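According to TrEMBL, the domain '3-hydroxyacyl-CoA dehydrogenase NAD binding' annotation covers 11-190. As annotated by TrEMBL, NAD(+) binding site applies to Gly16, Ala17, Gly18, Ala19, Met20, Gly21, Asp39, Glu99, Lys104, Ser126, Asn150, Lys282. The site 'Important for catalytic activity' annotation in TrEMBL covers His147. Feature annotation from TrEMBL assigns domain '3-hydroxyacyl-CoA dehydrogenase C-terminal' to 194-290.
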Amino acid sequence: MSENPLQQIEHVTVIGAGAMGSQIAMVCALAGYDTDVVDIAQEAVDRAAEQLHSRMDRDVSKGRRTREDVDAAFERMTFSTDRDECAAQADFVIEAAVEDLTIKRQVFAELDAVCPEHTILATNSSNIVSSRVADATNRPEKVCNVHFFNPALVMKCVEVVPNPATSPETVETAMALARSIGKEPVQLKKEVPGFVANRLLGALRTEALKLYEDGVADYEDIDVAAKTALNHPMGPFELMDMVGIDVVYLIRLAEYEQTGDPASLPAESIREKYEAGEYGRKSGRGWYDYE
Ligand code: 3HC
């Protein structure tokens, strides 16, 4: 293995300018990497830039970061809709687009065609394991999951998950990259949908939804119990609103596609909220009202 696995990593391209993608990119830029945030929609890219600027302004005003560090990070960032132009310069790609296997496979095949030979292609997905996209490329040994947590600017954990074809060098580089951006990476030994943290969270969420749907307690009270009895920073319903009820729904659907087990399907109340467009904080309403 190489002495310094990060030797070749200077340029990171993040695909997807949603809450996750944009914050992952910001973390990389703050750590000194030239970083792109790419999305198909100009509107998404503009919104990401605006939200990151206001988040960083707040951090500066609260003395958490210096103006110099923040300005230097934005200097290193490119907000773009030209994915191929960015990816052609990338040493490491982190895909944080929609949780849809067909789209991801297409994105990986196209990235494989334009990225330099040495570029590692990682997906931030926690439910679509990288072996399901690796065979859309000619470099399965350079494909893995690198899974961040929401909000990515704050949460320390990053799960690095190899597929059976991922090389030890790729794992080593992904672990080193995560450390270099101030995260505490956790290395999985094999693929499993949801990985470690979301499996733990999923068990809690499933039980919370069951208690609510069985009429045992209101969702607000279940949240109170999680916070005051277990010292969780947020209750499971508040957390769903932050992560996005659409994300929760699509994760369960993707899990069902893989397991075929009806127990994997989204809970009834989640399906209703998803169909009503009540996605949580991002849509102004989910379990709670944010208007
Ligand atoms: N983006 C960036 N930074 C944020 C943020 C956000 N959405 N929300 C909060 N912060 C930061 C800010 O710096 C904020 O300070 P500020 O309001 O003065 O700017 C600081 O955190 C403190 O925030 P709050 O006072 O609002 O509240 P908390 O002290 O409770 O902290 C929290 C917020 C860090 C989000 C905390 O509640 C927490 O840790 N919650 C649990 C998060 C969690 O479980 N995440 C994992 C989700 S699962 C996942 O991501 C997997 C994926 O596959 C779906």
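Cβ atoms here come from the backbone N, Cα and C positions, even for glycine.
TrEMBL entries are annotated by machine, without manual review.
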State the Cα to Cα distance, in Å, between Met20 (NAD(+) binding site) and His147 (site 'Important for catalytic activity'), rounded to an integer. 10
Looking at the binding-site residues Gly16, Gly18, Met20, Asp39, Lys104, Asn150, which have a C-beta within less than 6 Å of some atom in ligand 1? Asn150
Do you know the mean pLDDT across the domain '3-hydroxyacyl-CoA dehydrogenase NAD binding' (11-190)? 97
Name, in the order they occur in the sequence, the residues of the same chain whose CB lies under 8 A from the CB of Gly16 (NAD(+) binding site) and which sit 6 or more residues away. Val38, Asp39, Glu95, Ala96, Ala97, Val98, Asn124
Which one of these recorded positions, Lys104, His147, has the sparsest Cβ neighbourhood, judged by other Cβ atoms within 10 angstroms? Lys104
Under DSSP, the domain '3-hydroxyacyl-CoA dehydrogenase C-terminal' (194-290) has how many residues in helix, strand and coil? 66 helix, 3 strand, 28 coil
Give the distance between the Cα atoms of Gly18 (NAD(+) binding site) and His147 (site 'Important for catalytic activity'), rounded to the nearest whole Å. 15
Could you tell me which of these binding-site residues, Asp39, Asn150, has the fewest other Cβ atoms within 10 Å of its Cβ? Asn150
Could you measure between His147 (site 'Important for catalytic activity') and Lys104 (NAD(+) binding site) for me? Cα positions, answer in whole angstrom. 15
